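Record features (TrEMBL):
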BINDING   Q209, R390  ATP binding site
DOMAIN    458-608  domain 'N-acetyltransferase'
BINDING   I533, A534, V535  acetyl-CoA binding site
Amino acid sequence: MVNKEQFYDQIIKAFEDGNIRYYRNLVYIEREDYLDYVKEIINLFLKFKQDPSVAYGFVPWASGSKERMKTIKEYFSKFDDIDYANAEYYLGNTYDLVILDTIDNFQPINIGRLVDLARGGGLIIIYTNNLTKDKAFRTSIVRNGLVLDEYEKRFKRKLYEHEGIFIVDANGYVSKPFSGNIMLKSEKKVPRNPVMSREIHELSLSEDQNRVIENFTYLLSGGQRALVLTAARGRGKSAATGLSIAGLIEKLRERKGKSIRVIVTAPSIASASQVMLFAKLGLKVLGEELSVKVSDTGHIKTLRGDYFKVEYVPPDAAVEDDGELLIVDEAAALGINYIDLALRAWKKVALVTTVHGYEGSNKAFLRYLRRLIESKRIRVKWINIEQPLRYANGDPIEKWLYDALLLDAEPSEPQYLNHTMIYEDVDKSELANDDIKLRAIYGIMVTAHYKNNPDDLMIMLDGVHHKIKAIRIGENSYVAACQIAEEGELSDNMVDIALKGGTFDGDLIPDRIIKHVRIKDFARLRGWRIVRIAVASELQDKGFGSELLKMIYEEAKDKGMDWVGSSFMSDQKVLNFWIKNGFAPVHISPKKNEKLGDYPVVVIRPISDIATKIVKISVYMLKEKLLNTLHDVYFNMNPEVVRLILKGSSVAHKTVDVNPILLDKTISFLQGVSPYESSADGIHMLTLKYFWDGERDWGLTQDEELVLIAKVIQGKPWSYVSTILDSNRTHIYELIYSAISKIMQKYYNLTADSKVGLTLKDVMSSQQYE
C-alpha cells in the first residue's frame, strides 16, 4: 500500500516508461466516488500526452451513463463513445486512452474487446462503484434469485497479481509498476527483391507484415491453393491481407490482362472493414483510380477500378460467387463446414483468423482445418504473425488480459493413463482459486471447441445452476470435462412468455420445445443441458467423451431428472457424436446464427416416461418441418447435416403413398425416355417416402442420400450439388438414377424394364379424382 501522492507519482513514472518502451498501463478504480478519481487520472495523463485519441465504452441506455460520458468527453477533442453492443465496429481502431465504464455492466467480452484497442504508451482506465452490484450481464446469470461471484473475485485477484496495473479501491492505493523486459517494437523490412510492389511493402508497419505480403504471392501459382494466415489480435493481419489484395491485383493484371474480381467475406461487413480499408490504401498507392461504395453502416462494400473489383459479399453468397480469389476473414467464426464448402467451390482461397484473443479459435480450429485441407490434398501455405503492432512484445497488460480472461488456456498433457478413471463433481470455488486445475479443465473445453467467448467462463463460475463434471485419471490429470446447466420447472408466467414469442435468460431447451412443439407439459420437467463437453485433444476419438456422457446420464437418472440434452451449432462431427450416443434431434433453429455461421440444433435423450413421449412427438414434428421446408427455411443448411438429422430421426415414421401416375413417369425416367425435370414430381415423392420410412432395414449410399437431399428436396442448382460432392453433373445425374432405381425396386418392385402406360382403371383404383 502507498499513499495517494506516492501512487500518483508512480503512475506518472509508469506513463513515461510506457511511452519509451511502448507498453501500456492500466488503472482500475472501484469506489463510490469513482468519478473524482477518473478525472484526476485523466488530468495526469493529459499532462503527459496532449490531445490523445480516446475510446469510451459504456451502456448508453442505462440511467446516468450518458451524463458520465458527457462529463468525461469534455476533457478531449478526439473522442469515440462506444456502445458495448457495437464494439466490434471499432476493433480495427487504435487509441491512446481507453476508458471502460463498468457501472452498469461488467462483461468479460467487453473487457477483451476494448482493452485491445489501446496502443503502446497508452492507458486503460476501468472504473466501477462495485464489480458485482447491479450489473446487466451478471443479472442474466441469476437463477432463483441466486448468483455466485467466483469470477469477479478471480478477476480482481489477477489485477493484484500482475504488473503495469494501478488499483484504487475502498482499501486504498495499490501500485504495481511494470519492471519486466520487453522486445523492441518491430519495424518494417522491405525485401531486397520483392515480388510484390515496393510501394505496397512501404505501407506495412512490421517485418512480419512484409513477410505476409510477399507470401500471398503463393496464390499466384497454378492449381488449387490455400493460404492460412493466423495471428493473435493486434498483430496487423487484416491490414497485411488488404495490402496483399492490392498487390495481387497488380500482379494478376500483368498475367491475365482482363477484368479481375476478388471476393472478401467475413461474419459481418464490420469484421472485414480493415481488410477493405487497407486494400483501398494499397490500390491508391499503386496509382489506381477508385470508385468506392460504402454500406449503410459506413463500411467499404466495393472497390472498383478500370480492370478490377474488390467486393464484400456475405458468407453464403460468397461460396456460390466466382472470381480470381476468395478472402475469408475471421474464418474460425464461420466454422469448418463453411470452409469445407469454400475450398470445394474456389481454386484460390485465403483464410485469415484470430488465434487466442477474446474471439480466438485456439488450437482446435487449426487442428480441424489442417485435417480438412490434408483430406483434400490442396497445396497450402501456413503463415503466423507473432509480433504485436499496437504495443511492444512483452506488454504487461496483454499478459494480464490473457490470464484474467483465460484467453490462452491450454490443458496440460494427460498423465497416468493406466490409472482408474474417476468421475468428479468439480467444486467451483476451489476451481476458481486453483489456476493449475482451472487451466487444466477449462483448457480442455476451449481447445476442443473452435468457437469460444470470454463470457463462457463467467457463466460457468458464477451460475448457481451451472455444474462442472470431469473425468480425472490420477491425482490432477484431467482427460475430459463437461459444463452442465440445470433447466426446467418453469413458472406459468415463463411458459406464457415463451408461447407468445418472448425470451428470457436460461432454460434454453424448455423454451425451444414450448415455442416450436407447443407442449406446455415439458416446462414442468427437470433436465440437464450440456453446455459443452470436451476431451483432451490427444485422447479424442477414444471413447472418453461417450464415457463421460454415460456417467452424466446415469447421475441425472439417479437424481430424478427427466431428460439430458444439449444445444450446439450443426457441425457434422458434433452432431454425429450426439446421435451415436442415443440423443435425438428435436429442434433446429429456423434462422442461421450469422456470427457462428450455422443453424443451432437441440438434441435430447429422455429419462422419464413423460419426457420420452414428448421427445418422440418433437422428433416427428421436426422431421415434418425439415422435409416440408428444406427448399425454403433450411435452403442454406449443409446437406450432410440434414442427412445426419434425418438419420437421427428414424424413430419418426410415416407411410407416404405415391400415386401410379408419378410411378409411371418415374419408370420413364429410369428408361431414359423422360428427363429429370419432367419426372421431378415423382422423384420428389419417392425421396420423401424413403426418408419418412423409419422401419426399413436397408439404405442408400451416403452420396445417394446427399444428392437426393441437396437436389430433390432443397432444390439446389446442379453446380452447387456438384461442388458439395466434388463431382460433375453427369455423375450427379447417375447418383439420382441409382438412388431412385433402388427405391422403386424396394417399395414397388418396379424397374427400367417395367411396362409403362396406365388405364383409367389403374388410376381410379388407387386415387380418388373428381
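One-based numbering along the chain as shown.
Note: Cβ is positioned from N, Cα and C throughout, glycine not excepted.
This view paints the features noted in TrEMBL onto the structure.
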| residue | record | Cβ contacts under 8 Å, 6 or more apart |
| --- | --- | --- |
| Q209 | ATP binding site | K188, G236, A239, A240, L243, I385, L389 |
| R390 | ATP binding site | T94, D116, L117, A118, R119, G120, G234 |
| I533 | acetyl-CoA binding site | A480, A481, C482, Q483, G545, L548, L549, S566 |
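Following the DSSP three-state reduction, the secondary structure of A534 (acetyl-CoA binding site) is strand.
Around the Cβ of V535 (acetyl-CoA binding site), a 10 Å sphere holds 24 further Cβ atoms from the protein chains shown.
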